[in-house]
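These notes are about the structure you will find just below.
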Amino acid sequence: MKTLLLTLVVVTIVCLDLGYTLTCLNCPEMFCGKFQTCRNGEKICFKMLQQRRPFSLRYIRGCAATCPGTKPRDMVECCSTDRCNR
């Protein structure tokens, strides 16, 4: 009986989604060391480079539910593993 109960507990733990959360870099600088744990539903890390005017660049990194769209002259890279948006 104890073996059956233990087996059921193990199967339940394995089959349940234990709430894995993604970790992404989150900062506006080119060189970044600040991480954030993404919220539920955010399964994408992104790195965006925005060109505001000639020789003026803005870096944005963070979590998202989907890969963000860009404007002309902007670049975005998306990935789905921990700390992949370096």
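Note that Cβ sites are derived from N, Cα and C of the backbone, with glycine treated the same way.
Note that the coordinates shown come from a computational prediction; the quantities given were computed from them, not determined experimentally.
Within the set Cys15, Cys27, Cys32, Cys45, Swiss-Prot assigns Cys45 as the partner of Cys24, by disulphide bond. Between Cys32 and the candidates Cys27, Cys38, Swiss-Prot annotates a single disulfide bond, the one to Cys27. Listed in Swiss-Prot as the disulfide partner of Cys63, from the options Cys15, Cys38, is Cys38. Neighbour list (Cys67 (disulfide bond), Cβ cut-off 8 Å, at least 6 residues apart, same chain): Ile44, Phe46, Val76, Cys78. Considering only the disulfide-bonded residues Cys24, Cys27, Cys32, Cys84, Cys63 (disulfide bond) has Cys24 as its nearest partner by CA-CA distance.
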